[in-house]
Amino acid sequence: MLGLGKKDLGLLAAVAALTLLAPFLLNPFPSDSSLAQFNAGYPDLMQRFVIFGIFAIGFNILFGLTGYLSFGHAAFLGVGSYAAVWMFKLLTMNVIPAIILSVIVAGLFALLIGFISLRRSGIYFAILTLAFAQMSFALAYSVLTPITNGETGLQIALDDPRILGVSATADGSIPVTHLFGLEMRATEILNLGPWQFQFSAGYYLCAAIMLAAFYLSIRIFRSPFGMMLRAVKSNQQRLYYTGLNARPYTLAAFVISGMYAGLAGGLLASMDPLAGAERMQWTASGEVVLMTILGGAGTLIGPVLGAGFIKYFENIFSKLNDNVLHGWFAFLPDGLENAVVAIIHPFVGKGWHLTLGLMFMLVVIFLPGGLVEGGQRIGRLFRRKRGSEERAAQQTPAE
Amino acid sequence: MTKRHVTRRGVLRTSALAGAGLALPTYLRAQESGFTNAPTGDTVTLGFNVPQTGPYADEGADELRAFELAVEHLNGGGDGGMMQTFSEQNLDGSGILGKKVEYVTGDTQTKSDAARASARSMIEKDGAVMISGGSSSGVAIAVQGLCQEAGVIFMSGLTHSNDTTGKDKKANGFRHFFNAYMSAAALGPVLEGLYGTDRKAYHLTADYTWGWSQQESIQSATEALGWETVENVLTPLAQTDFSSYIAPVLQSGADVLVLNHYGGNMVNSLTNAVQFGLREAQANGKDFQIVVPLYSELMARGAGENIAGIPGSQNWDWKIENQLGERYKGTNAFVQSFGKKYGFPPSQAAHTCYAQTLLYADAVTRAGSFNPCAIAEALEDFEFDGLGNGPTLYRAADHQCFKDVVVVRGKENPEDEFDLVEIVEATPVEQVTYEPDHPMFSGGSLGSCNAGA
């Protein structure tokens, strides 16, 4: 079905089920329990999960298949965001034109940067892309202030000359982004006993687009084009000796992944119409590399898992403060309570980077294939218990 | 290519699944209450969104201390701080409207994006009914916009840009802190007295909304004195080394350097300026001077002895009641309870955040509801006293507080590390008041209050 093999179809169905049921899956704790802190099922974070999932899927098409490590992908995300916000300011608050424009602009930008950067490979390519991204960041941050509004970030204002639609609503506020009238921030809340589940229109739009992006990525992985990209990764020299020019393929992969990044940027702006220059900073580019490696580079589902993992840490662990910790350990005697809080303190709140760094080290050392490899090992463990003879068959790489 | 097998059963199965998926969100409906995050239990959650990393991290840490202190006082802990001196005596230590105050914190990273994400999670996940904090005008404006859309109250912390209550003002946003125009209006006469009317100024300006509006305000105030503006150079907020910006200053023909920097930026640029010998330099036959229009104890501490003699303005200073008397009552009560809890005096960032939290709690109590529109009504044109700034007005036209401005200088011979700033004068509120349609503040509109869902 859908031009996919049975295994891929299963994977797509699994991802579809996970994204559709995310509001339930991510809110496992009752909202008044002390563990509610770890619930991730609120619209903003769920949207980030799938949007950065798209970003990482796109990055993986370049890095996972061709092995070209781009350190400047955040530039495309940022360009996409700016394009989308300008579309909101000038044309309409409907998200469709904004998303389309952001993909196109990011694609053109990727074509330009890719055309120049792909003349080199390996570390030189990485440095070139990093340089371009930092250049774009500096431009957005100060030089192009009239277009980007610099550090303050580009926002929707009350006096935007919107061609289709109104500058301000009847009650004098800024109109919100919508999909043919369905407001992106519209959220249905379902209370089931102590549990609370939130269903956001914006999230389901992002999730649907993510599924489409994921499907496209599977098709690319399985296509002759994908095979060619893998050939580039395994031995580019040999490819050249057989008389094939690899550059059009790598450039195409670069542009496609740039368009994915632009799509992610456009979606970010559609969910929350603001574009800041820091989206293009090198740390943001590094983040998507981390996501891909953490999840498992070259696998289909890996980047999505990695993106979820990192965003979860960024948004949940950074909000644990001493007050929360004291709440958890209140049952301990006072001295012990303070000691435990003092030990945990450096790893939460503003120290979430530290925790993430440790996790990253553990994953890279013990699970070089990323989270996907972890899942595989667990799966294998169960199969071994059943005494299956298919062990040899499990040696194929994970997808 | 793979072959496509379309079977009747397959089509049915797929469409049933897709239909169920699409219908799910519409099927599950349950929504009540008239406004966003109406507190239902016996607690109410406030969101404190401060920079814990980045150039304003010191200010953020102090803001957080003040918030924690305010919550403690609202819940009846500690000695009550400024609740005793506040002209409104509605708060009795039983929380807000009888609900115990809880809070969540987040890191703005001094980035608009991160700040909005953090504020959104507070609103969507933790059910915060008010967001406060922010130590950068860029962030404050971004979060204020978000709160307006989401339908919660934003009580801004340290934000000094004219735009926060100027062209980017919002009906759901309220600012207690003073702004760049007020700084310039208060500093002008003092600068005239110190350095005369024939000066050439060189501006280094943080490249974002606050820097722009402060530079504009200072330039217009000093040019009204007869000063000349030689040049204005914009510096990135993330900059940590300003040597390359300082180097050309002496050759430019200027004899005053205005540092429109704040926090870590200002500490670094001032240190660079001193290293380049600007303090000892002569230009145009006069001693070279440095001015830092927006000042704080925290920055003075960071800059150390380099700050000596440099004039600037503050929203509040912890010594003001001792030095200028009863008009600024509340100051000592706050300094005492802050000092008792943390062991050092509070900064102006801490003071404004503490005051904002009390003002919010009081407005809720007077309104009798957590509904943002009722709170906004209670705060508009609200006159109060006893929060350390003297008599203060929350103006309805732009949601800006009007109160005296403190003009300060770095102390020449400080006694200890908390006594780095001396108060020159408190400029009376009349001198810093402006019309709501002043050109530096025009172009925006409050819009109407949004109560959300």
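The backbone N, Cα and C atoms fix where each Cβ goes, and this holds for glycine too.
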Of the ranges A:2-27, A:288-313, which one does TrEMBL flag as transmembrane segment?
A:288-313
Under an 8 Å Cβ to Cβ limit, what residues of the same chain, 6 or more beyond the ends of the transmembrane segment (A:201-221), are close to it?
2-4, 8, 11-12, 15-16, 19-20, 22-23, 43, 46-47, 50-51, 53-54, 57-58, 60-61, 65, 95, 99, 179, 182-187, 256, 260, 263, 267, 270-271, 300, 304, 399
Highest-contact recorded stretch vs the transmembrane segment (A:248-268), from A:46-63, A:288-313, A:354-375, CB pairs under 8 Å:
A:46-63
Leading stretch by Cβ pairs under 8 Å, where the reference is the transmembrane segment (A:354-375) and the options are A:46-63, A:94-116, A:123-144, A:288-313, A:325-348
A:288-313
